[in-house]
2 protein chains.
Amino acid sequence: MPLRLATTQVDFAARFDAFLLTKRETAADVETAVKAILADVEARGDDALIEYSRRFDRIDLGEIGIRVPQAEIDAAQNAVDPETLKALELARDRIQAYHQRQLPKDDRWRDDIGVELGYRWTAVEAAGLYVPGGTAAYPSSVLMNAVPAKVAGVPRLVVTVPAPGGVLNPLVLAAAKLAGVDEVHRVGGAQAIAALAYGTQTIRPVAKIVGPGNAYVACAKRLVFGRVGIDMIAGPSEVLIIADRDGNPDWIAADLLAQAEHDVSAQSILITDDAALADAVEAAVERQLGTLSRAGVAAASWRDFGAIITVRDLEEALPLADRIAAEHLEIATQDAEALAARIRNAGAIFLGHHTPEAIGDYVAGSNHVLPTARSARFSSGLGVLDFMKRTSLLRCDAGALKALGPAAIALGTAEGLDAHARSVAIRLNLDRA
Amino acid sequence: MPLRLATTQVDFAARFDAFLLTKRETAADVETAVKAILADVEARGDDALIEYSRRFDRIDLGEIGIRVPQAEIDAAQNAVDPETLKALELARDRIQAYHQRQLPKDDRWRDDIGVELGYRWTAVEAAGLYVPGGTAAYPSSVLMNAVPAKVAGVPRLVVTVPAPGGVLNPLVLAAAKLAGVDEVHRVGGAQAIAALAYGTQTIRPVAKIVGPGNAYVACAKRLVFGRVGIDMIAGPSEVLIIADRDGNPDWIAADLLAQAEHDVSAQSILITDDAALADAVEAAVERQLGTLSRAGVAAASWRDFGAIITVRDLEEALPLADRIAAEHLEIATQDAEALAARIRNAGAIFLGHHTPEAIGDYVAGSNHVLPTARSARFSSGLGVLDFMKRTSLLRCDAGALKALGPAAIALGTAEGLDAHARSVAIRLNLDRA
């Protein structure tokens, strides 16, 4: 049974607050282990990578090599069935087209007192993409992380992916090739993050690390942050669907379950002004659950974290949606556009009845790496800007400095920073030192 | 004596590597203390703020109030001398004009198969700005953090600033008023960060926290990250000056000292192809040092972390500058623009002989909150985007879903995510569940 809330309940506000604060993950305490791995890889480089891969992945990288040779990547691509490969290519092309529109523009201007101002965007010199091994090795996720980096112009894009028992997912290698990844290394865990941050003999260091991973990987990313840049630490996925009587219960149920099947900690929420729809969706979820290959996962997620909230009218749904700040927000109502325009916090909004979130996961072109756990209140999905940085540019000539200088001297003096003031005054022959 | 390096040294590469890895800060281990404060403020709200302020700042907020009343802010502004106030206003206006050009554009389009795509930028609903107390309470820093938030459209901007012994810097209050800050609270330390993140009876929570602070504040920001967004954790300031024989040794020395006077951990570096200039600058630094009110700080910084690197030609300077990735890069050479165009990593570039970095600190209009400690390799200075987030938008009609759906179904199936595939198939009457 999912949680049922209604804004008509007298204690709704308190119940909703408690719902928002529900923890869906227990943070494993892996910091001590991760710190040791990081230090070891920093000190011993490839030797440490070989040792940890032997221990954790049961492979001998000393023998088969850390870097995956191009021939192996090509062979993997050839092994993928043609329909899936075509779908991956379509996804790659659409992700590329979408993200090209995100490329920022440089700006440079001269103001009315002659100061030249501006800023310029450049790509990071190298980026690393962590790809999880095993069942969570999703080729779509490789495309979503790698394509924006290449659109940004990152000259060197490195994938690390664990190969437990020596096995790599051919779909992952194919996706890496399609996305233009420059190097693939078969190493995972905290040791892969260490290699990307500090560099080893085989893996040169990068400036930015992105991509999802388990508790060890997430902890390692947090610890190397500062030495390199990282993306957000992704939490379990979530969807919020706002629907009115127009909604199709079977379609909505399918969308709730598409989220729930990701992970037992995933969260699916329905907000509706139609109590009959709420009941119909709940029944449809129960019906569809049984037929899923990941039924156990989806059922646990729906039972533990699923919620159906009934509201008096859709007006009431807006502030609730902003507080939930969902990673994915589907609006399946008569006037989806008007509602969407009034939402402040959401990672991505899927409008209307024919836009299941799974379309955005794969082939729409927009990015599926989106802020989870209410972080859409302050952060954005992955995009081209995550692989670029802005440098500001400033140029004064003697005249411009003469015009602006006195104010800078006044503020430097007011802040007690003599040398700041002098560095301006000395150029204006005002320095009395 | 600053460190002297030359690319002609046989072991230059190793020396330069060691120089880059020099730690300038020792991280104080304050995490246990900070965790206790955060938990206490979360549990007891205002009462905890009052207790910590009594203990750490020797003031009774229970008596004088946590929030600074508008009349007190107005009075502070009236107490600022007219020349300084005018300089602050000039700075505010120029920062505003600069950052307005950073406002991102929304985008929305329909592709050739009828899919509607796009994204939209919105401001965070509330932002908190931490302002340090005591001597580091810089009004320029208030403007640099607050103005971009207001340009971004943040409806509620909250300043917290400790008032040790009850004293607030009137310049800080004046700057907050000029920048359009909505609330000022006289509370500092980890307890202020806790209040901004969790909320108390007086201080409602915000979505994003920015601003510099001591080790307790930095640790608290790290710990609340995720619950709220934070800006970069700023390290000690640094400048790199690239100069050729055209450089004026006195001017360059003044600029190096303007950086060094910030903090004993600040760093000033000169790279030049002219050995005579290197010597002249070193001598000029010694001469000017004695006259500074913060001579002790500047001397320690220059002695411990200052460096002069001589290169065979300016061509050699470029890769060194990219590895240093300086917060501030001054290029005082004949052809500064051409060199600047070939630099990838720098927080801000100051071009030509008449652009001392202090101009950028105060009145140029560009932001002085810039990436330190080599993080310009992957991050940008503070700007309007730090107070906004992007929501992606997606809409398919039945026709568009029919065109794109099969590829999504193929990828969902390939990834073993049945419900993903079904959520598309069910809308295309392809579902056989």
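Every residue gets a Cβ built from N, Cα and C, even glycine.
Residues or ranges marked as active site, proton acceptor in TrEMBL: A:E327 (among others). Around A:E327 (active site, proton acceptor), the C-beta neighbours below 8 angstroms that are at least 6 residues distant in the chain are A:S237, A:E238, A:V239, A:A346, A:G347, A:A348, A:L370, A:P371, A:T372, A:A376. When secondary structure is read from DSSP and collapsed to three states, A:E327 (active site, proton acceptor) falls in the coil class.
Taking a C-beta cut-off of under 8 angstroms and a sequence separation of 6 or more, A:H328 (active site, proton acceptor) has the following same-chain neighbours: A:S237, A:E238, A:V239, A:L240, A:Q259, A:A346, A:G347, A:A348, A:F350, A:E357, A:G360, A:L370. Per TrEMBL, the feature active site, proton acceptor maps to A:H328 (among others).
Positions annotated as NAD(+) binding site by TrEMBL: A:Y130, A:Q191, A:N214. Mapped onto three states, the DSSP output places A:N214 (NAD(+) binding site) in coil. The Cβ neighbour count for A:N214 (NAD(+) binding site), using a 10 Å radius over every protein chain in view, is 17.
Under the heading substrate binding site, TrEMBL lists A:S237, A:Q259, A:H262, A:H328, A:D361, A:E415, A:H420. Its Cβ taken as reference, A:D361 (substrate binding site) is surrounded by 27 other Cβ atoms within 10 Å in the chains shown.
As annotated by TrEMBL, Zn(2+) binding site applies to A:Q259, A:H262, A:D361, A:H420. A:H262 (substrate binding site) falls within neither a helix nor a strand when secondary structure is assigned with DSSP, and so counts as coil. The local packing around A:H262 (substrate binding site), expressed as other Cβ atoms within 10 Å of its Cβ over all shown chains, amounts to 23.
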What subset of the recorded positions A:Y130, A:N214, A:H328, A:H420 has a Cβ sitting under 8 Å from a Cβ of chain B?
A:H420
A 10 Å Cβ contact count, applied to the binding-site residues A:Q191, A:S237, A:Q259: which residue has the minimum?
A:S237
A:N214 (NAD(+) binding site) and A:D361 (substrate binding site), distance between Cα atoms, whole Å
20
Going by DSSP, is A:Y130 (NAD(+) binding site) part of a helix, a strand, or coil?
strand
